[in-house]
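Taken straight from Swiss-Prot:
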BINDING   116, 117, 118, 119, 120, 121, 122, 123  ATP binding site
COILED    527-602  coiled coil
COMPBIAS  417-436  compositional bias 'Low complexity'
COMPBIAS  437-464  compositional bias 'Polar residues'
COMPBIAS  468-497  compositional bias 'Acidic residues'
COMPBIAS  726-795  compositional bias 'Low complexity'
COMPBIAS  918-934  compositional bias 'Low complexity'
COMPBIAS  961-971  compositional bias 'Low complexity'
COMPBIAS  1191-1203  compositional bias 'Polar residues'
COMPBIAS  1215-1228  compositional bias 'Low complexity'
COMPBIAS  1229-1238  compositional bias 'Polar residues'
DOMAIN    16-374  domain 'Kinesin motor'
REGION    417-503  region 'Disordered'
REGION    726-802  region 'Disordered'
REGION    891-971  region 'Disordered'
REGION    1134-1156  region 'Disordered'
REGION    1191-1238  region 'Disordered'
């Protein structure tokens, strides 16, 4: 049959492989096993979800040992068609193979193969069963012969073969030898290729069925010969691959020169097996090995074909573009035409929905997904008629003509007998049937073997050659016989109608009962799920409340309410226990309903197999119920996932804020350590790593300054007035900067030396040297030119100061701000040292944090200070801690009376802006001015006017130098603080707030050095005095005066301050820093050089007796204060690197008497700070130097105030944490009296 010349010139078309998935119903053992769950959920006709995260049954474990340790995979797969557990054999056939039958008859090749693991339902799909009905093979042959019978214009020859591949050997299943397919007596067949490179199997038998019944008998016989053995996973496991090949030859009766040829291959593959799961040994193990080998080769071919098709689509070239490993197995060689030939292929992937077959199902879905990308070229097979075939047909025609003549003679004899005798009706009826169907009368006669389908041609040709006279005789005969047949049929119909009625009534009753059961199961399950959802929500609320109560119970602030907390905790525990009991009962009922639905999937088709219409109705109802339950589960899951996502988002946000806050403290410590030459290489490396981690934490941390510069919001706020004059040094008397737009960028190195400089920027076209991008800044030396981000400085009206959110800084400048920045500073760095600006976080709108990351070891002197003024009221919003790198050109006044001169130095240093906090409110308001030499930290408290009202603005005047030996003074930071009513809100430790009567402190400019030393001596001598009026109820733990910066509270928390009336005073360490500063201020023109201890070398013949006495006095006071050597070891301190003191504009002298008690812990702490080599030494040392020890003041009856230092207040906008405490560091009693001096 294959020796035909192929003259096919038809066009070829590309067609993708059709991939479908069928999910089998679960077995009884799988349903009863509580450890196994359903892991496949059908969404619609084209999509399924593998291993879903079901809420009611929990996430299933996708590992081999069924351990609930891994999260569900939840992979979504889309195929050409997905059949759920309710799908019938007819439904699968109609949506897969039915269209292929007409496709094959028209002269094309097609193949259908079932792929899957052992026990997944492949044989059930292809062959069928007694209870479930026939499979695809049987239904396909029925459809084929029905189409052939309907087509009267063509002649057809149908042939079939049935073989198996067992242990890599090919066996014929239709042979008549005894033993069957598994017997060794069967002949092993060989594969070969013909001249057209088509696969041919030698000695394979071909049968020529003439009806579907003959095909059923042949299939039944072949399946009995097929090798099957029971295994651990399947009692009727197929141990071989079965291939049913059907060829159809078509010849047009009008044009007999054209013959089309079509081939349909139906393949039932054996299932892949896992030896550890099947527990096979001996022959079963050998069979499983061969099966897995051939399936692996098939999988490799599918994978290679998929990659080849992808490369062809993308026009890419692979290493082996044309190599497909067909020869790895005999199965792949047989399926070569089906995979890559001119063939339309349909793959039916059979999977199990149970979790016991997790890996097998997952692998099957992956191979099916790959097979979707395979494309084949489809060509119609049309052959020219050969001479041998024509002669064969001529012989058939001759035989048919002879038969026609014989039949005509018989017909004549029969008609003559009918005229003679009218009583032989039975004989006439037989003659009628023989004359009507020609070849049926000769059905028992043998037919010559190369032409088995002759009966089909004979039936068709007989109809064409019949005479008209015969037709008339037959019509008369039909009228006589119809009366007899009708009478007999009426009697049979009456009996059958009564039986059918009874059957229909019982069937309808069963249908109604099953429909009610499905509906009741759906309603009951939905009610239980809704109740379960409500109880889960209630349980979460109670658990959250329980956690908050446990935190309150651990806090010392709620000792009085412990009884109520314990009572409420017990109530919540009992409620949670009841909810858990109710949930367990609900889960049991849900499991019972789920088991009933799973059983229904397999029992439904068995009960109503004889009534397909009723079966379809019930299947639709069951699918609708399943879809409703899935929709409810998905809705609940979406709600649950959304709540979890919001919770995680808030946690991530708080963690980011905490990390940014902690890194801000670390950057401050780095600044102080590098300024004092205490930073080690390990610390610098760790600091760089932490900076990179913070920078790469999230893209949301990085601010797009292009957007910020174009969207700078001007916020009118009467409560905040912050002025920073750091970037532009204007030596002016009147400097009016009117910036009506926020997109004005100024040059960092801009020095305006004009007396009147009016800058009116009313448009957006101000182009400067600065770009609004996060560009790293490289500083190779101290004189490196860096273009940094500028600020938009405005000059609002005196009544309504405005707050500008500009780029990375919040700038608000009050009216008539006349200032002159004259500072002394120097920066020294190694020649290879560099610094980069790293953007680490977005604390609030328009704020950015930048730090200097040194790559090599950097040594520098003390930082340069900005001039700032702050005005805060009771409605002040919280703001965040920022550390901003600024490039400044400072004017250094390095002049004497004889040699006046100035220097300009480019300096890059981080300027720390301290965090906002809500301040306690009072009925009266005071104004205080604070200054700091190192960071923006309070140093002094200045008295206010008698009106106790805040000034609308402050004036920062240049320092008036009354002493020739005084050097350039650092600019002063003034803070106008309007104090509202007292409320228990924490105050940062760097802010000093008097409550009712402000404490007048001496101004450095109004006192000479002797008066300063006298007052400081009095403070140090009285520090051992005890405070008898100390209120112990307001005290806190004082064993830890110094706190590591990373142990401080994150910005989103706030601690309540007890008692409500608070005041912050300076610590002993701050006082010591003041003594050291005074020593530097008094002698910085004499080229001082600091030694390792507190002894200073003032040079030769440059120190007067008076200064020497003062120096000794300072040293003794310092050592008395701390009882330890000074921790700051500065080497080679130059005159331009000294710390300048802050000068107040109001000469006020105050006599102060202070009694201070310093615990011994302070001394030990400083020892550990100085001599320890721990990695946190720098941070602790920074805390000691830069932070002012806070104190709490409580009014006393003796008109004295108790100072209680505590740990730095927590930053940010969070709720109060009851578990945190404010720890005191020392107790100080201050008696003050004011004396105003002109």
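FYI, residue positions are counted from 1 along the chain as it appears here.
Note: Cβ is positioned from N, Cα and C throughout, glycine not excepted.
Projection of Swiss-Prot feature records onto the structure.
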{"residue": "116", "record": "ATP binding site", "CB count, 10 Å": "30"}
{"residue": "117", "record": "ATP binding site", "CB count, 10 Å": "25"}
{"residue": "118", "record": "ATP binding site", "CB count, 10 Å": "24"}
{"residue": "119", "record": "ATP binding site", "CB count, 10 Å": "25"}
{"residue": "120", "record": "ATP binding site", "CB count, 10 Å": "26"}
{"residue": "121", "record": "ATP binding site", "CB count, 10 Å": "21"}
{"residue": "122", "record": "ATP binding site", "CB count, 10 Å": "27"}
{"residue": "123", "record": "ATP binding site", "CB count, 10 Å": "25"}
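DSSP gives residue 119 (ATP binding site) a coil state; it is part of no helix or strand. Looking only at the domain 'Kinesin motor' (16-374), the predicted model's pLDDT averages out at 82. Same-chain residues with CB within 8 A of the center of the 116, 117, 118, 119, 120, 121, 122, 123 CB atoms, the ATP site residues themselves not counted, are 24, 114, 234, 271, 350, 352.
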